[in-house]
Ligand code: CUA
């Protein structure tokens, strides 16, 4: 008796919870209202079956409960009942799936006028490619993938004007249909934007695609919805839906593949000239100066230096009220006249002999080695940096600098700015260091890996 009532109450409670739950779909920001309809149909069909089956269970418990002197019947076959059940289940399943097939058909068939964006996933970041003036994507060749050819663009001249977005931030024009073409460099990922009601797998070796029309201006988060390794949770990007003019201005300012190739041939003499003003704090050969908290630059990669100089120039670094050294750095970054100069000075710095700092005195390197395992995925097992994840080298950096940066990431003094997506990722990652002691331990390890004094 009691069991039957418990089943009835659980059933009604579940329905009530579904109706009044605060966890509802996020506001819709694309044309895919039909996805919501499909979800509602699914909830309706499964909900009706859930209620019917559980109330039937309660009824059976009540109706056929034990009574003295009554015996159970054994009736293993009932053709009529099985026929009915098959029919009702079949209709239910068809009602559940058929609308989804229609919506799916629409979802993968982009309208003629849709513009196109390529989404590239890799452990653990997103990047994007837009076709240039010719409206064509250059052909890609997986064998051409290199640190300085991150999209694997082949010889195809159509690719030279392709616009490359290396930061995980994409702008889309409001009200214009866009086809997204998805490609993965390594493992399965899944591109999902909840507000667009859109998600799809990225499968290595093939290009999957869908389309949508963003309808509401705003910022939307892209998450990876496929467990793809240790930093899967940090694999995020931002999509900004803006007015078409804003989108066009942004798109036309993006570097092309040709620009990217030109960056591979920097002018080292010009870089040396620009470096003169850096040398006062960072040293003539980039060795750094602890007394004024200027970190060594020797050993850092051109890609990382370039990115950081850009962040300083755009105010995404060096503008936080509690970041004194960063504020000092910013005016110097602003002295560089243009992007070519940034590339030249970054390339010049990369010619310095890498700095080696002494091992940290504080901290327990053995505990730090355990903590560092997570960092190693992006920064390399020996802190040598990883081009594919754009994780800068850490080996050779001094303990005071590493501690300060980790503390700044932990507190959001560095890396919180909306235009610093890798910083955002690092703010998330730094939360695994729960206190000052953990920071010192991991730094004790990092300062030993590069010098061969690790335990
Ligand atoms: Cu990529 Cu999870």
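Keep in mind that glycine also has a Cβ here, set from the backbone N, Cα and C atoms.
Feature annotation from TrEMBL assigns domain 'Cytochrome oxidase subunit II copper A binding' to 112-253.
Marked as domain 'Cytochrome c' by TrEMBL: 266-353 (among others).
As annotated by TrEMBL, domain 'Cytochrome c' applies to 363-450 (among others).
Annotated transmembrane segment per TrEMBL: 38-62 (among others), in sequence order.
Away from its own ends, the transmembrane segment (83-104) comes close to residues 32, 34-35, 37-38, 41-42, 45-46, 49 of its chain (Cβ-Cβ under 8 Å, at least six residues beyond either end). Here TrEMBL flags 83-104 (among others) as transmembrane segment.
Break the domain 'Cytochrome c' (266-353) down by DSSP state and the numbers are 54 helix, 2 strand, 32 coil. Here the transmembrane segment (38-62) has Cβ contacts under 8 Å with residues 1, 3-5, 7-8, 10-11, 14-15, 18, 25, 92, 95-96, 99-100, 103 of the same chain, all six or more residues outside its ends.
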